[in-house]
Structure formats: C-alpha cells, structure tokens
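Presented below is the structure to which this report refers.
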C-alpha cells in the first residue's frame, strides 16, 4: 500500500520535474559546458578550461556592468521595498478612505509589460516633447536631462520602482492580513497605539514576506535588461552594449557571435545572483538569532 | 528557505480595517496615499491622452491633456491595418503564448505541489530543495543556452520556443506545495481512498477544487510573466508574424526613433501600448478575490 502510494507520488511530481530538467537543468549544464570552450577561426572549437572565466573576471566592461547593477540594487530596492511596506501598513491600518481603490491603483502598473513601461517613461522623460520638460519650460526652469549620463540610472530606477512597488505592497499586505488576531489583542492589552503595533507586531510578522520580496528584487536587479535595452535607442551614448551584464551577454551572443564567452558571462551572472541572494538570507537569519 | 511559520492562511479573508478597535480614518494619510496614487496612475493617464492625439499634437500640445483633434478612432484603425494587420496578429500570438504557458505551468505546479506535499516518497525533500534552489537561477542566464539548444533541434522561430521555457515555474511549485499542505486535509484523502477512489480521480474531483485559489494565483502570475516577456521572444523569434506584442511594439518604437518626427509611427506605438495592457489589467481586476488570497500563502510562510 505504502509503496504504491510512493509510486503515485512520483507520478504526480514527474511532469513538473521532466520539464524542469529539460528547460532548466539541461540549459544550465549546457551553458557550463559551452563556457569551457573557445571557437577559433583556425582549428575550430577547442577546450580551454576556465580561460573564459579568467577573461570575464578581468573584463572591465563586465565588471563595470556588475558594479552598475549593484549600485542600482542598492538605490532602487530599498526605496521600492520601503514604499511597498509603507503602502501595505497604511492599507492595513484601516485609517484610509478609498482603500480598495488606492490598493488596486498602486498595483495596476504591475500588469503593464516592462516594454510598455519603458516606452511610456521614455516619452515622459523626453527632453523635447516630454511633459516633464514641458512643465519645466512653462515654469522657466532648466529641464533636467533625465536621459543623460548622470541621471540615467535614477531614471531606470524610477521605472522599475513604478512597475514593482505595487506588487511588493500586495505581497506584504497579504502577509499582514494573515497575522492572527491574538497578536493584536495582546498588543491592545499592553496599550500599544497604531505606530507601536506596526513596529512591534506587524513588521516582525512581515519578516518572511520581506525576505522573499528582497530575494526577488536581487534577482530582478542583477538581471536588468528590458528597461535599459529600450532606453538605449533614446540615449545610445549613455547606455552602451555593456551597460548591464545581461545586455553584455546578449550582445556577446548575438552581435559578436561569441557564444562560448557569452555562456561564461551568463553563468557567472547566475553565480553572482545566487551568492548575493544567499548573503542576504544569511544576514537576515543571523539578525534573527543573535 | 525552510518551513518555519505555521500561521493559518484562512485568516486572509478578514474584513478590512481591523486591528486595534476604535481607529479613526485619517485625512492626512489618505491624502498622502492619493498623492502616491497620482504618481502610479499619471503615466497611464498620459498613455490614454497620447493615444487620442495626432502625430503633430503629440509633439506640439501639452502631454498631460487632450488636444483639439481627437484622433483615437483614426489611431486605432491604423494600429489594426498597417502591415496587413500585423498588430492584431501580435496580440493574438501574445494571448496564445500566455494562455498556453500559464495553463501548462499551473497544471504542472498543481500536480507537483500536491505530490510533494502529500506523498512521502524517497527523495521528496532533496528534489524539492533542488527546485527551490532553482528559483534563484536567473531566467535570462538560461535564455542563451536554451536558444542554442533550440537552434540545434529546430525549435527556434516557432511558438514552442516561447511556450516550453515558460512552463517551468519553480516559485509556482513552491507556492502550490505550501498551499496544498494546508488546503487539502489528510483525513479527506483517507476517506476518499477508503471509498476506493483512485489517486488521480481524487486529484481531479477533490484536490483540484481545494487548490483553486493557489491555482489561479500561479495561473495569473505566469500569465503576466509570459504576457510581459520580452527577452526570450526577442532572441528566439525573427519572423515578425510570430512576435508577441512586446517585441512588436519595441520594433515599432525603434522605427519611430530612426524615422525621427517624420515616420508617423509614434501614435501607433502609443495606441498599441495602451491596447496591449487592457487584457491583463482586466484579468487582475476581475480575479482579484482569488489571487490576493493565494498570494498570502507565499508571503506568510518561508
């Protein structure tokens, strides 16, 4: 009976695992394999061991891209998560009028494709006919060059924040709704007000949800591609082909046709993401149990 | 990630505005939130306004208000007729890719999540741990090797090149597993087994219904991910009649930049963008009861 049940269990998980192996494990292994070779004009493809990785680790264009997305992560993610947290707490406090409308309105950008978001903000940022520039002109102020070198990273951070703050709000809000009432009752007995309840009960209870949101943000930041790729056309002098590691891997594979090196770069990027994610988790867990 | 918290998921559906009794509504907080709401809705308002403008007015009139000429019908007609109605084709492609991928991913995640939650087969924990670890593998790092494999077996430039990679959703499996743990009582399964029902009949007739909110959540979020996907179709497809709407719009936008002010393509990009977001926004609004409940599961537990 139990052996039969175990077999049934395998049958239930088999379809997922089959596709998982075919679409995730195999490509990953293939990327690892490819990254160990080099294609040469003379002599064809040769095994070069870790040479591509050595090249990647001293490739200033790649390192520049990694640093840039690292900076992006440090600027954008705290801002986005704090906004999401603030919105979720405000909604959960019961102190808002129109809370349903506000909640859905803030969440709507999540359903907008990043391509559309980037195109839209690209027009809004536009120095010639963008409304931001128009407003500045009407007020007689110098229009900020939102597509210029110094502001571009911030402009991209704004697009991503616009897209995902509402999503994070919903995740955190859902977690807040699931806090058992006993915790609130205990806080009420202690005479805690709204702010102290938020600080002492709600935020600690949000830990797992915040950590999950943070991990997804690590992944999203370091993979940054769509937004800069679309802004590239508006500001080709600011966003080059190695602006982010993913743009670089893309141009290596499809413009330079150097798939072996592109595979090594993709693989390294994956390693960076996993390493940062684990660091974030370790840091979070260490703080929980000092 | 280990299972630590065990708070019940059922608490989600509670009435709004609870917490400590006697809360007053706050005008200041409401106004503050409305200010944020304007930030989130203003670009969409701009998009609606812009889609009613002619090429000339897009550049000449103030961006955040309507111009004298109302050219939305004309823009719509052009969006659906240029290049022999290519835009309609893109929308249809997007819908097909998204619906097939999301349906497939949700079914695989529901079967697998239930299997991992309720059957203690050997290797259960190790396999599930492997899948969990894969959540962190960046999908864009997989796209290039997947492209190379697909090129070898002739799948590049076919709908399968988009659908197959989108079927794997490790986070969906994770969500369904924790959801199934709580939502499917063991006693109910035992009773059905004693009645002599086969395992797959139990799944179809009993389990699937209990998993519905989780299922809809995975379905919707995979739908969004595929609907909005850009990187994968960008590298996999080069036949414009196979493009999803994201890649198509990006192509139009590129033409608009190349043509400068002369190409008259910008109204197409703007109106096409507006149309492309309507179905998803509608789906989220209509199904909000389901996904908000389903999402709580992922956030509460770790």
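Cβ from N, Cα, C; glycine included.
Under the heading domain 'ABC transmembrane type-1', TrEMBL lists B:91-287.
As annotated by TrEMBL, transmembrane segment applies to B:28-49 (among others).
According to TrEMBL, the transmembrane segment annotation covers B:95-114 (among others).
Under the heading transmembrane segment, TrEMBL lists B:126-148 (among others).
Through the fold, the transmembrane segment (B:160-180) approaches residues 3, 9, 97, 100-102, 104-106, 108-110, 112-114, 116-118, 128, 131-132, 134-135, 139, 142-143, 146-147, 150, 207, 211, 213-215, 217-218, 221-222, 225-226, 229, 232-233, 236-237, 244, 294, 297-298, 301 of its own chain, all at least 6 residues removed from its boundaries and within a Cβ separation under 8 Å. The transmembrane segment annotation in TrEMBL covers B:160-180 (among others).
What TrEMBL lists as transmembrane segment is B:206-227 (among others).
The transmembrane segment annotation in TrEMBL covers B:265-287 (among others).
When Cβ-Cβ distances below 8 Å are used as the criterion, the transmembrane segment (B:265-287) is approached by residues 44, 47-48, 50-51, 53-55, 58, 71-72, 75-76, 78-79, 82, 87, 91, 94-95, 216, 220, 223-224, 227-228, 245-246, 248-249, 252-253, 255-256, 259 of the same chain, each at least six residues removed from its ends.
Relative to the transmembrane segment (B:206-227), the listed stretch B:95-114 leads the set B:28-49, B:95-114, B:126-148 in CB pairs under 8 A. If one looks beyond the transmembrane segment (B:126-148) by at least 6 residues along the same chain, the residues whose Cβ comes under 8 Å of a Cβ in the stretch are 1, 116, 156, 161, 165, 170-171, 173-174, 177, 231-232, 235-236.
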